[in-house]
Amino acid sequence: MKLFLLFTLTLVNIFSVSLQEPIQNQPAGNNTITSPHRNVWRALSEAEFSGVSAVLVHQLNLTTSRGGNRIIQIDYLYPNKSDVLLFLDHNGEEPKRYARATVQFGSPEVPYLQEYRIGPLPATNTTAVEPLRFPFNGKVQGKTKITSLDADGIDAFLPQLSSVVEDITRKLWNTTLAEGGVSFNLGKASFNSDSTQTIWLGFLNNATTGFDSSTLLPLGVSMQLDITSRDYNDWFVLYWFYNNKLYTPTSFNETVYSSDFQPPLANIDGPWTSTNKQEPTFLLDDLPPPKAISRGKNRYNLDTEENYVQWMDFSFYFSSHTDRGLSLFNVVYKSKRIIYELSLQEALAHYAGVEPVPSEAVYFDTQTGMGRSMISLIKGYDCPDYATYLNSSFSSRTGVTITPDAICLFESDSQFPLRRHTSQAFGYASAARNVVFTVRWIATVGNYDYLFDYDFFYDGAIEVKVRASGYIQGAYYAGNEEYGFKIHDALSGSMHDHVMTFKADLDIYGEKNSVQKVEVVPETTIYPWSQGQPHNTMKLNRGFVTSETDSSIDWAADDAISYTIVNKDSPNKYGEYPGYRFRRVAPAIHLTVKNSTSGGKALHYATHDLFITQQKDNEPCAADRNNAYNIDDPLVDFEKFLDGESLEQEDLVLWINMGMHHTPHTEDLPNTIMTSAYSGIRFEPFNYLESGDPSVKSAQQARIILSNS
């Protein structure tokens, strides 16, 4: 004990000396470099967009009217991997650039969207405009029927609707839709088996405190509209829903005006929805907290023209896309590509509840656009002050929009060592700083804010993390006990699943790879030395996932099974297959609902924790932004990707789900907190580095000689 105490005191004294190193907050600067080649995934320029828009209008005779034949969206169509690899690896030509356009044809009785490919760019009046089919596998590739409301919108109908339901809204809330005293949340516009089209609306109280809190203010009353006709003057109210009962318009009017009717308790806006500072302040919280600083020039290189980054042994390109947000391409580690593409595919939120709108609610956030929803970051809060801030861009119907400071890049200390060891016998202690390089972006989609991180580590690992905040979409509390907790006067937290699907196209020593599966299992065995006595222990069961038939995978309950993308044709010098293992580092879920009534075939990619398929140029994405319009025959039905093909030494793609089962509670008010609503996946070298842990080459480590006297 005496020796231990003396040793400990000596160690503390030595470390205390090292901590006296002066720290200077010097302004950071970017190290500018030139990328090895053009960024073939770069977003459309304004000039490219203008050319595409002009040729579409010219060749398809388009207008700008809301319900007519018009452009809905134009954005960049990423090149095929096969073409890019010819360019990157075989000195081929740079792939030609093409645009994708979604065009609404609103003139037919049943309007529809048609996808087009335009190019090569730059476009002129003679540039080819042809239906885009190859990325889609629906029955009618590249064509999606839409409801009358989706084509025409609801704004023109609002004055008429307000007048029709005024007797109800006056009686219940002493206001009208036209007056703005109440509003509503739109449900899902649906095609029905009898050829009608309907939609539910859930009434909301208005936010009055200057905060975006309307989703916390449900009023417990819903109505269903028939929207079959292309003329909104023919739309009408089909049903009302209140207090777990369905009413016809006539019966609901009679009920509301009956002498014994009890109006629903309203959710009323107030300080409880505000994120302004409230009293009393935390103890000593008025003092300045610790703050991360940069002590010198940035330790990464950047080509801002091509969106190319180098950090330590890593390099990669990034690109922002209207639908999917920020993606990474051609991730190289130690001069070898390890990931061709790392990208968000869909951000799905599936709700449940007793009322029609939450019961039917499935939000496909690429429909809104994760890139369109990228926001300007708040320096010092969303990212460190010393981070590098970059703009992003997205294209829509009318042009290219620049979002300033939408991406941040920075290094940070993880506040725990990457590795360490103290040896009393040999008289030393060693430790290495765990420095992480982060590429961060945030998308605010309606009421929710999603923070995404791509993290790079000294040990060759990459992590993808997502955190959620913002205002929950609440439900009315009456009758909703099986779907949420009562969290305010008349408010229930509406249970929902968040599922964020990522594509990870790994290339380990080339494109031809396999999936190694290793399971830790209990074992009872007799060893030659155990003299016939059984020994209870454990062992490794090694194998491979050889077919797409077996590649719909859920994480083992105790994480006893690990999966690694390996190259069986390039064993290391010890005879093991080099690879990158992938695993969850935070809660990572799949969709709870089986055979979702509201999601149909549009969300098969969310039904397991991960999938592994052969890479194909005609299967570039797990989902499409327009899948929600026709869930029975979506543009991309992911289930069709799983057609039993071999996974033995093929070009493989992982489709990995992150997210959380969210049951809101009182602490979700006013906003959900990111410390609990988060998920993460890690890709890490596994028998990939023959020389061992690469961090031994880092200058950010110390070896301290200990004195025992």
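Each Cβ is built from the backbone N, Cα and C atoms, and glycine gets one as well.
Marked as active site, proton acceptor by Swiss-Prot on the basis of similarity to another entry: D365. According to Swiss-Prot, the active site, schiff-base intermediate with substrate annotation covers Y448. According to Swiss-Prot, the Cu cation binding site annotation covers H496, H498, H662, on the basis of similarity to another entry. Among the features that Swiss-Prot reports, Ca(2+) 1 binding site is placed at D505, L506, D507, D651, L652. Among the features that Swiss-Prot reports, Ca(2+) 2 binding site is placed at E548, F641, E645, with the record citing similarity to another entry. As annotated by Swiss-Prot, disulfide bond applies to C383-C408. The 2',4',5'-topaquinone feature in Swiss-Prot is assigned to Y448. If you look up Swiss-Prot, you'll see 1-20 marked as signal peptide.
Feature map: Swiss-Prot annotations on the structure.
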| residue | record | DSSP class |
| --- | --- | --- |
| D365 | active site, proton acceptor | helix |
| C408 | disulfide bond | strand |
| Y448 | active site, schiff-base intermediate with substrate | strand |
| H496 | Cu cation binding site | strand |
| D505 | Ca(2+) 1 binding site | strand |
| E548 | Ca(2+) 2 binding site | helix |
| E645 | Ca(2+) 2 binding site | coil |
| D651 | Ca(2+) 1 binding site | coil |
| H662 | Cu cation binding site | strand |
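Look at C383 (disulfide bond): DSSP puts it in a strand. Around the Cβ of E548 (Ca(2+) 2 binding site), the number of neighbouring Cβ atoms within 10 Å comes to 20.
It is 10 Å from the Cα atom of L652 (Ca(2+) 1 binding site) to that of E548 (Ca(2+) 2 binding site).
Of all the recorded positions in the record (D365, C383, H498, F641, H662), the one with the smallest CA separation from L506 (Ca(2+) 1 binding site) is F641.
Within the same chain, residues at least 6 positions away in sequence whose Cβ sits under 8 Å from that of D365 (active site, proton acceptor) are E346, A347, L348, A349, S373, A443, V445, Y450. Counted within 10 Å of its Cβ, the other Cβ atoms near E645 (Ca(2+) 2 binding site) come to 15, all protein chains included.
Among the recorded positions C408, H496, E548, D651, the residue whose Cα lies closest in space to that of Y448 (active site, schiff-base intermediate with substrate) is H496. Compute the center of the Cβ atoms of E548, F641, E645, which mark the site for Ca(2+) 2; besides them, the chain residues with Cβ within 8 Å of that center are S551, T613, Q614, L642, D643, G644, L647. For C383 (disulfide bond), the same-chain residues 6+ apart in sequence whose C-beta sits under 8 angstroms from its C-beta are L377, Y389, C408, F410, R440. Within 8 Å of the Cβ centroid of the Ca(2+) 1 site, not counting the listed residues D505, L506, D507, D651, L652, the chain contributes I339, Y340, I508, E511, N513, I565, Q615, V653. Within 10 Å of the C-beta of H498 (Cu cation binding site) there are 24 other C-beta atoms, taking all protein chains into account. In this structure the alpha carbons, written CA, of E645 (Ca(2+) 2 binding site) and H498 (Cu cation binding site) are 30 Å apart.
Put simply, F641 is the one of the binding-site residues D507, F641, D651 whose Cα lies nearest to the Cα of H496 (Cu cation binding site). Less than 8 angstroms from the CB of F641 (Ca(2+) 2 binding site) sit E548, F611, T613, E619, A622, each of them six or more residues away in the same chain.
Cα of D651 (Ca(2+) 1 binding site) to Cα of H662 (Cu cation binding site): a span of 35 Å. The number of other CB atoms found within 10 A of the CB of L652 (Ca(2+) 1 binding site), across every protein chain shown, is 25.
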